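So the structure is just underneath, and the comments pick up after that.
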Amino acid sequence: MEDRHRYLFFIFAIIHYVQAQQGFISLDCGLPSNEPPYIEPVTGLVFSSDADHIPSGISGRIQKNLEAVHIKPYLFLRYFPDGLRNCYTLDVLQNRRYMIKAVFVYGNYDGYNDYPSFDLYLGPNKWVRVDLEGKVNGSVEEIIHIPSSNSLQICLVKTGNSLPFISALELRLLRNDTYVVQDVSLKHLFRRYYRQSDRLIRYPDDVYDRVWSPFFLPEWTQITTSLDVNNSNNYEPPKAALTSAATPGDNGTRLTIIWTLDNPDEQIHLYVHFAELEPVGENTDEALRTLFTRTFYFVVNGKISYDESITPLDLAVSTVETVVNKCDGGNCSLQLVRSEASPGVRVPLVNAMEAFTAIKFPHSETNPDDVISIKVIQATYELSRVDWQGDPCLPQQFLWTGLNCSYMNMSTSPRIISLDLSSHKLTGKIVPDIQNLTQLQKLDLSNNKLTGGVPEFLANMKSLLFINLSNNNLVGSIPQALLDRKNLKLEFEGNPKLCATGPCNSSSGNKETTVIAPVAAAIAIFIAVLVLIIVFIKKRPSSIRALHPSRANLSLENKKRRITYSEILLMTNNFERVIGEGGFGVVYHGYLNDSEQVAVKVLSPSSSQGYKEFKAEVELLLRVHHINLVSLVGYCDEQAHLALIYEYMANGDLKSHLSGKHGDCVLKWENRLSIAVETALGLEYLHSGCKPLMVHRDVKSMNILLDEHFQAKLADFGLSRSFSVGEESHVSTGVVGTPGYLDPEYYRTYRLTEKSDVYSFGIVLLEIITNQPVLEQANENRHIAERVRTMLTRSDISTIVDPNLIGEYDSGSVRKALKLAMSCVDPSPVARPDMSHVVQELKQCIKSENLRLRTGLNQVIDSKSS
């Protein structure tokens, strides 16, 4: 019972504090999502986890020995190893003024003792570069900003090798009649109260949780009061900051405050708070009152910047606002100067002051209706792309994958004009929020698992010029209004139950059509088979027919690429040059038409299973076409001679390059990433772009070939299997594949699926990263995945990466690639990603590496120009 009462008391306390902090958002970044909100004991502020406001990042904690000097909200942090841009989304009040604070306490959370730097963005605009070098106690960035919508995005952007992170996010709603500026935001420069002290003032003394630091120079004189000071003006500076003031020392007549700027051209906004702490009594006669009234002028950078003289109010605050357009050489000064004509004897004073630099954010956010629509689409289809964060269209280098936008000028909001969600395994109906993208010109939803009908609203989207709904499970009739649209290209093949014209056939009223169609089809198939059998019997010797009874299944269409054995002899110059050898047979170099280089794979006569694999590869390669799959030029099927003719891949296979068989040439990290993503694209096509889908079943580095430009193409389809509509996407089989690359799940189920290819690709990716053998013979055939998993727990990535790369890589992209590879080789097939996800993740790795290369190039150019 006592515990229950204590719990209820805690809940009521939280509610009380939250109600007192209306308009506050206080996020403890990295605090585990299962941790409840808590009251920070020093300030009484209620902090909660940030997990509901960002889809990415990993929780970290500063080192134990550093925790004592920080308050609780700064002990945890969230760091971002994935993606270039990671964004918080916060619900705010549109067109209301907020103070936004971002806190960064590194605390050597990663053990590297390497202080990071990165960029911080507000929506599509850069706010500030965060550089923590030398800032042992952390850093705080603060800005006063008016959101243009009811959703605010705060993004951390990777700029180099270090990982962005954040400790806390704090938003405070301000009065709209304070800090009023035109078309700019105010970046915090300093906020001081003038007293000899070491105490920071913040909430609850300051109702807006502004943090005031003490400042005092030895040559000044301090005055204080124990009387109450009225702080009731628009700004409400805390009373604790108003009960002291600085005045000139040694009977001086002017008080000088100096500060410096990194950029001398920055515009400065000053807010100076005054209160008279030595009031003249009410009963004092007029002459003495005049003598002891404090009157002075405001002089900035040597010029009077405030037309009227300033007379502080007795024990009450008044605030003077002024703008400084430029500080020569970055040296700024504010002087409070007693007027020589003033009859008063008192010198100037200042109680507190705030200084800001003006930032003009050039880019307008993407049209808010488009943003709402694309986020509803993202949520409906559960699209978890790491780059689908922040503003969809801006900055352009962070444009969401699959989108294109129109850009007029920086002051006009971009519009989404193209949406490509092909091959994303979308399920359910076509989401109606697509129609709210009113400027959409291109819509691609092909190669998914969408159901339901084609919606009428597509016909009403006047901007649409192209719609691709191919290869889904859509049903019913296409709206006539959509078919009647001129200047609209509509693709919808691969939807068996979707009708192009008129009402679809049903079980009633269309029985005659239902019966006639299959009968006619059966007759046509029978005649075709009969013709094939007759031709086959006439042309083939009986011995060959007995050896290969299913050869008649090769279609007549395939014969268009048929090459005779004599042509094979001619193109290979009687099999002069061997370029490879495998279980299928020998591969020879050759020339087609005396000009085009080709690779000729000849079936060994001793191969008992050769013809089945030969047939599979011919039929597969003749119907798949992808830039990252090796193209079949032709084939030979002549009596006892079987051969496949491929495009020639001048740079051999990936394994030979990794093993050093090509001399001293080491594949750079950017080249390895390109090879990985190109291989992944080939596999993605087999799994998602082919109907029916295909499983390669023998993905390995030796089957990844490189052309003269080092473009990767997947080869050796002899073991591949395709799956018809309605057939389960797995195959029960005898022993296939290559030891080390073969899915361990196969030894339990004797089945191979798309996730088996994913596993094999993960092994290849580990080879690419580490350049280690898949099976280590000197260590009882210990597997590469097991070795890397152990190394990840004991050391950093530099000991895992191929030493031949000599550190020339972006550590973030390597870390991301390693994480991806380990997810691909997860023992549970369900936990492995699909190839579409693999492609997207590898593209992010390439972006990170390209950013490193561009940064390095710019540094070289800068050094040469200087």
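Glycine too: its Cβ is placed from the backbone N, Cα and C atoms.
The Cβ of Asn137 (N-linked glycosylation site) has 12 neighbouring Cβ atoms from other residues within 10 Å, across all protein chains displayed. DSSP gives Asn137 (N-linked glycosylation site) a coil state; it is part of no helix or strand. What Swiss-Prot records for Asn137 (among others) is N-linked glycosylation site.
The annotation N-linked glycosylation site is assigned in Swiss-Prot to Asn176 (among others). Listed in sequence order, Arg96, Arg97 are the same-chain residues at least 6 apart in sequence whose CB falls under 8 Å from the CB of Asn176 (N-linked glycosylation site).
Note on Asn230 (N-linked glycosylation site): other Cβ atoms within 10 Å of its Cβ, all shown chains, come to 13. Taken from Swiss-Prot, the feature N-linked glycosylation site covers Asn230 (among others), and the record attributes it to sequence analysis.
For Asn251 (N-linked glycosylation site), the number of other Cβ atoms no farther than 10 Å from its own Cβ, over all displayed protein chains, is 8. For Asn251 (among others), the entry in Swiss-Prot reads N-linked glycosylation site.
Annotated N-linked glycosylation site per Swiss-Prot: Asn331 (among others), in sequence order, evidence recorded as sequence analysis. Around Asn331 (N-linked glycosylation site), the C-beta neighbours below 8 angstroms that are at least 6 residues distant in the chain are Ile258, Thr260, Leu261.
In the three-state DSSP assignment, the secondary structure recorded for Asn404 (N-linked glycosylation site) is strand. Annotation comment: Swiss-Prot describes Asn404 (among others) as N-linked glycosylation site.
With a cut-off of 8 Å between CB atoms and residues at least 6 apart in sequence, the same chain places nothing near Asn409 (N-linked glycosylation site). As annotated by Swiss-Prot, N-linked glycosylation site applies to Asn409 (among others).
Annotation for Asn436 (N-linked glycosylation site): same-chain Cβ neighbours under 8 Å, separated by at least 6 residues, are Asp369, Asp370, Ile372, Ser373. The feature N-linked glycosylation site is assigned by Swiss-Prot to Asn436 (among others), with sequence analysis given as support.
The N-linked glycosylation site annotation in Swiss-Prot covers Asn468 (among others). In the three-state DSSP reading, Asn468 (N-linked glycosylation site) counts as strand. Taking a C-beta cut-off of under 8 angstroms and a sequence separation of 6 or more, Asn468 (N-linked glycosylation site) has the following same-chain neighbours: Ser422, Leu443, Asp444, Leu445, Ser446, Glu491.
Among the features that Swiss-Prot reports, N-linked glycosylation site is placed at Asn505 (among others).
Around Tyr646 (phosphotyrosine), taking its Cβ as the centre, 22 other Cβ atoms fall within 10 Å, counting all chains. What Swiss-Prot records for Tyr646 (among others) is phosphotyrosine.
As annotated by Swiss-Prot, phosphoserine applies to Ser732, with the evidence given as similarity to another entry.
Cβ neighbour count for Tyr746 (phosphotyrosine): 18 (other Cβ atoms within 10 Å of its Cβ, all protein chains included). The annotation phosphotyrosine is assigned in Swiss-Prot to Tyr746 (among others) on the grounds of similarity to another entry.
Annotation source Swiss-Prot lists repeat 'LRR 1' at 415-438. According to DSSP, the repeat 'LRR 1' (415-438) comprises 5 helix, 8 strand, 11 coil.
Taken together, the residues in the repeat 'LRR 2' (439-461) have a mean pLDDT of 96 on the 0 to 100 scale. Among the features that Swiss-Prot reports, repeat 'LRR 2' is placed at 439-461.
The annotation repeat 'LRR 3' is assigned in Swiss-Prot to 463-485.
Using Cα positions, the member of the recorded positions Asn137, Asn230, Asn251, Tyr646, Tyr746 nearest to Asn404 (N-linked glycosylation site) is identified as Tyr646.
Classification of Tyr746 (phosphotyrosine) by DSSP places it within a helix.
Taking the Cα of Tyr746 (phosphotyrosine) as the reference point, the closest of the recorded positions Asn137, Asn230, Asn251, Tyr646 is Tyr646. Annotated pair Asn251 (N-linked glycosylation site) and Asn137 (N-linked glycosylation site), C-alpha to C-alpha distance, rounded: 39 Å. Asn251 (N-linked glycosylation site) falls outside any helix or strand according to DSSP and counts as coil. The two recorded residues, Asn230 (N-linked glycosylation site) and Tyr646 (phosphotyrosine), have Cα atoms 88 Å apart. Reduced to three states, the DSSP call for Asn230 (N-linked glycosylation site) is strand.
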